[in-house]
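Take a look at the structure below.
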Amino acid sequence: MSTTRHFRVWRGDDEGGQLTDYDVEVNEGEVVLDIIHRLQATQAPELAVRWNCKAGKCGSCSAEINGKPGLLCMTRMNTFGEDQTVTVTPVRTFPVIKDLVTDVSFNYEKAREIPAFTPPADLKPGEYRMQQVDVERSQEFRKCIECFMCQNVCHVIRDHEENKEAFAGPRLFIRAAELDMHPLDARDDRKEFAKEEQGLGFCNITKCCTEVCPEHIKITDNAIIPMKERVVDRKYDPLTWLGRKIFRRDQLESGAK
Amino acid sequence: MVDNNITRHSFDVVVIGAGGAGLRAAIEARLAGKKTAIISKSLFGKAHTVMAEGGAAAAMGNVNSNDNWQVHYRDTIRGGKFLNNYRMAELHAKEAPDRIWELETYGALFDRTKDGKISQRNFGGHEYPRLAHVGDRTGLELIRTLQQKIVSLQQDDFREFGDYDARLAVFAETTITELILDDGKIAGAFGYRREDGEFLLFEAPAVILATGGVGKSFKVTSNSWEYTGDGHALAMRAGANLVNMEFLQFHPTGMVWPLSVKGLLVTESVRGDGGVLRNSEGKRFMFDYIPEVFKAQYATTEEEGDRWYTDPDNNKRPPELLPRDEVARAINSEVKAGRGTEHGGVFLDVSTRMKPEEIIKRLPSMHHQFKELADVDITKVPMEVGPTCHYVMGGVEVDPDSAESAVPGLFAAGEVSGGMHGSNRLGGNSLSDLLVFGKRAGEYAALHVDRLADARPVVSQEALDAAVAKALAPLVDDPSDGENPYTVQYELQDIMHSLVGIIRRAEELEDALVKIAEFKKRLANVRVGGGRKYNPGWHLAIDLHNMLLCSEAVAKAALERTESRGGHTRDDHGKMDPSWRKVNLVCSYADNGVALRRQPVPTMPHELLSLFERSELAKYLTDEEIAAFDSNGSKDGDKE
Amino acid sequence: MTTTAATPPRPRAAIAERTLRTDRWWLTPLLTFLGLAGFLVYATVRIFVDTDYWVDAYHYLAPFYSPCLADSCVPGSSHFLGSPFPQLPSWMSPAMIILVLPGGFRATCYYYRKSYYRSFWLSPPACAVPDGHKKYTGETRFPLLVQNVHRYFFYAAVLVGAVLTYDATLSFHGKDGGFGIGLGTVILWLNVVLIWAYTLGCHSCRNIVGGRLTHFSKHPIRYWMWTQVGKLNKRHQLFAWLSMFSVVAADAYVWAVSAGMTDLRIFN
């Protein structure tokens, strides 16, 4: 069962571009990426699109479909009306390379800045013991497929290029939370790093990152807000402060690492 | 448009491929103090390893303490139908646990047992629960862990040298098109950057191939566009040999419907956790397909099979967990016999056997994937599955210990290397293979560089000019007279799927070779417009050379081997033949094509052979080999 | 990294349309705006009314005026907390004193922050729709840095919740002075339940009871609490709205009964 649908695809590069119209065949059970591939094979061999697994697992084919950030391989054609035009554009927050491909190196640069997992000094490989309940929170964040759509949709940098230097973005906030909640990470300054170096305070928790996450990671509720709260634990909480005064610090394992 | 200038880089070790094997190799080379480059065809962290779901096999014995390397070794050889390179399988079984434990020191978070160790799950062909896993996204965990370890090493270098890339640099979206030799030794690698089409030369005395497999030459495949056999082809053209190319693993359970997920894998854990296969008549047909050699290890009734899920010590496992090739063939037979589903598959059902919550808990990404990609809820309806091209057992012939090929300075690890898995790979053995031999390749590549000292091979201008000319050949202003690369690719995939697919026959293979020869002629006429900037058409035109060369190797080897074994099934030679077990088919490059020759399989030493029951050996070995085994055994007996 | 700052940003795709969203993305911020604005209007009117917040016959105290802490409170409406505040100036009502606490709790609540940043500040109005502001610093500096005091308000909100629970208990008061139940009692209780569901589902609460721990396995009770709070927290948005409606409903009901409407009595 195939129909002809109308597509508009942004074609261009860093010198400019425009939405280009295509009429293209669509079959039952296809996703937008299938259609982009059909365009490549039949009408536009040099149409640039980044993709790999076509299974929602690698996070390569991020784009914007009818103005909404999404993975091309996970946007089913049956979510559109038969006479609805489908508009596909590259993600807006990052510099364009060509057509649907953008330069996402911002995310890799930010990832380099966050201190890596620091193994405990007293444990050799094979001696690590962790309980499932203790690893589960971090495991949620490690589901991240790095499609960078949370970074793309975040208005802090999407609408304010000048914030890119000071702001690491949701992808890196979940990395910070993952490491801070890791049962065996030896560093104790991840909260401070998130606040001072990653620009956690820029986030106004409007939750678009969570809305677009294809892995359904609760970025805001489970990572960003807990990190904000953990910063408060260290900086502003009256009870913690009082506790520190009254008890010895080592009795407060719960608050810190 | 970029001109023909070539940006030159100089490294000690260049790793081509940024999947599990490549990253592990790069870590090792960098830890050995070598200036290392990682060439990634896609973005960093997107490699095909992320698709691996089930886990990484390593005999840690965390769940069942009876497990050890010998048992793992035995399972691997059994799965590979005794065609494995015994030394690779031995190293793999012995070193896998250390490679897994090491990942924890990089920050990996595997699922845990009650006592806090790494949890291990059951998998097809593995006698004990052996697969370290994270839900069903183990590959992602592996790649992310290695990626983050690399970043961590770069941070160390930044502190020391003020430059993240000082000793370990990642070149994302860069494709290598040629290896450059100097007097038969590796001198460097040439390629282009996707972003702007700029040419790059990496001068390096050691190159590690970690490019994965060849699946993109098939119509139904779980492999991504990158899997065009680049490493296989580069190695051949550089003078190295490929071994076992006739063995392709068709994963038994790929989705056949809906179209958006055609070819996509349904992890084996679906079966390991209780999923069963049924034909259109509702029958659990796998009980009809237990081969003689496996009769002793598998349940013969549904009742016993079902008991195994809760009491594995006292019951035999259900036949849904037979090695992949057996399951794939069984499904194929059912469909051919007219008992398949509407879309040409069979039903894989967990919905009637597990509670929805349990399915979501144990198979989260499966559930998620089908819900989102295909609007299918696996807690409610069965999946429609069939064989999909998944993995190539064949690859670059390497020295087991050093992972070095016949070309000095050229190493290979992971799927691109051959021998380790014999004729069929067990699920879970790939991720551990990546780590074990990735590390070894990195280690020995560094050693190779040390041994060379200052006598480094040199890249000649002629070789460079030739590489540039070849890369630019398909690119023209007006492509209308030439062949469309996509058309050639589709037709090749079609031919490979129908003529060199899961069930093969001599006439069809001969036919395929004729077609491949035609494709080669057409390939010379493939033309693409649009310039060098991120031009997928151009990239495909270049990749097609590799796809064709690998396809030819597969077809030639498949035609030569007149028996059925593991990932090679001949309709016209249905039986496994012990005399073929002693033979490796080796492909090398000659006259812009593939030359094939036979070579003896390395002989397994007696102490490894004796890990098996004699009765089992008798199923695989020739009578002379069995006689030799017996006399060897009695010699042992005499000594005592 | 050094490169991000030094080199001018490379251009993004030149897409003329500010947003290409075709759905009614403006509907949610509009409804949120109307809902929150409606509440603010009601609250503003209500705190200046300064009357009709106590129904002596059934011991109904309007939530906006609870606890009533000034000498100017209607007789009977001040309870065990007494009246630490003196006679208030005529323009000021006792509601103004106490509403700072629940008001502050909601104003700094992570959910309400999202809702009003989106609907009032349009920062952003919806995902992938430009926020239209020239400059944006988020919650990095004063005044929005103060949002971090949410936790203080949470502690206060627990006390307020306790008082409202006390009020609801008092509302089991019959005409004859003994036990009684009216529609007002039911409404007050419903309100209290929703207020607790909202208060205990607070993100700060989730952190305090267990979220800040690294090793849940060593603190099974706190892990259990964290899990329970997590269940409420998942529905924080829902309870934020329900409890906002219920507090208005409860307040308006008491106001109406106090002003002369007949309370529907179920028992005595």
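Including glycine, each Cβ sits where the backbone N, Cα and C put it.
Under the heading domain 'FAD-dependent oxidoreductase 2 FAD-binding', TrEMBL lists B:12-431.
If you look up TrEMBL, you'll see B:17-22, B:40-55, B:D230, B:E415, B:430-431 marked as FAD binding site. In the three-state DSSP assignment, the secondary structure recorded for B:V50 (FAD binding site) is helix.
DSSP assigns B:T267 (substrate binding site) to coil in the three-state reduction, outside any helix or strand. For B:H251, B:T267, B:H390, B:R425, the entry in TrEMBL reads substrate binding site.
According to TrEMBL, the feature active site, proton acceptor maps to B:R324. Take the CB of B:R324 (active site, proton acceptor) and look out to 10 A: across all protein chains shown you find 25 other CB atoms.
Reduced to three states, the DSSP call for B:S430 (FAD binding site) is helix. Spatially close to B:G17 (FAD binding site) yet at least six residues away along the chain are B:I39, B:S40, B:K41, B:A47, B:I208, B:L209, B:A210, B:T211, B:G212, B:G231, B:G414, B:V416, judged by Cβ distances under 8 angstroms. Within 10 Å of B:G54 (FAD binding site), counting C-alpha to C-alpha distances, fall none of the recorded positions B:H251, B:R324, B:H390, B:R425. Within the model, the domain 'FAD-dependent oxidoreductase 2 FAD-binding' (B:12-431) shows a mean pLDDT value of 93, rounded to a whole number. Looking at B:R324 (active site, proton acceptor) and B:H251 (substrate binding site), their Cα atoms lie 6 Å from each other. Using a cut-off of under 8 A between C-beta atoms, the binding-site residues B:G17, B:S42, B:G54 that neighbour chain A are B:S42. Each residue contributes its Cα atom, and for B:S42 (FAD binding site) and B:T267 (substrate binding site) these two points are 24 Å apart. The Cβ neighbour count for B:G54 (FAD binding site), using a 10 Å radius and every protein chain shown, is 24. Long-range Cβ contacts of B:R425 (substrate binding site) within its own chain (separation 6+, distance under 8 Å): B:G79, B:G80, B:Q249, B:R324, B:Y391, B:M393, B:G567.
When the Cα of B:A21 (FAD binding site) is compared against those of the binding-site residues B:H251, B:T267, B:H390, the shortest separation belongs to B:H390. Looking only at Cα atoms, B:H251 (substrate binding site) sits nearest to B:S430 among the binding-site residues B:K46, B:V50, B:S430. Close to the recorded substrate site, the chain also has B:S222, B:Q249, B:P252, B:L265, B:E268, B:R324, B:Y391, B:G427: residues not among B:H251, B:T267, B:H390, B:R425 whose Cβ is within 8 Å of the site's Cβ mean position.
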